[in-house]
Amino acid sequence: MKKNINVLLINGPNLNLLGDREKNIYGDKTLSCLINDLKKRSEILNISLNDIQSNAEHVIIEKIHSAKKEKIDYIIINPAAFTHTSIAIRDALIAVTIPFIEVHISNIYARENFRSHSWLSDISKGVITGLGLDGYFWALETISKRCCV
């Protein structure tokens, strides 16, 4: 039997507003509905999915720090606006040496110029951007195929 893969899903600032915020960009599904759907898919893929959403950078950093002790095998992170500003989150991800996939609902390269730089992409295993909420599911599928083999 395949080992259960422990995945931490981190959603950054304003993603708690999914379903209400800029529906033309982010759609109308709420974060809780998304998480429920991801957990259902995770079970099929033999993934244990833990999730956190925070609007506070330090909370995200502390969760990344604790991921090693929690035996997290892989991280999926949508850092949202912290993508473009947080060297501290970058440093935390480097420090714990847990592989991660960066996910963005919208195509950050097709939006405002200031959104086109990510402090995380060059240290990630991959970046999924602009595929809507499907990007999270693609990240799970990728982890299922590549992790812990």
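Cβ atoms here come from the backbone N, Cα and C positions, even for glycine.
Quick look at what Swiss-Prot annotates:
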ACT_SITE  Y26  active site, proton acceptor
ACT_SITE  H104  active site, proton donor
BINDING   N78, H84, D91, I105, S106, R115  substrate binding site
SITE      R21  site 'Transition state stabilizer'
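Distribution of Swiss-Prot features across the structure.
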residue : record                             : CB count, 10 Å
R21     : site 'Transition state stabilizer' : 12
Y26     : active site, proton acceptor       : 19
N78     : substrate binding site             : 23
H84     : substrate binding site             : 16
D91     : substrate binding site             : 13
H104    : active site, proton donor          : 23
I105    : substrate binding site             : 24
S106    : substrate binding site             : 18
Closest of R21, Y26, H104 to H84 (substrate binding site), Cα positions, recorded positions only: H104
Nearest of the recorded positions (N78, D91, H104) to Y26 (active site, proton acceptor) - Cα to Cα: H104
Separation of alpha carbons, the residue listed as 'active site, proton donor' and N78 (substrate binding site) (Å): 6
Secondary structure at R21 (site 'Transition state stabilizer'), reduced by DSSP to three states: coil
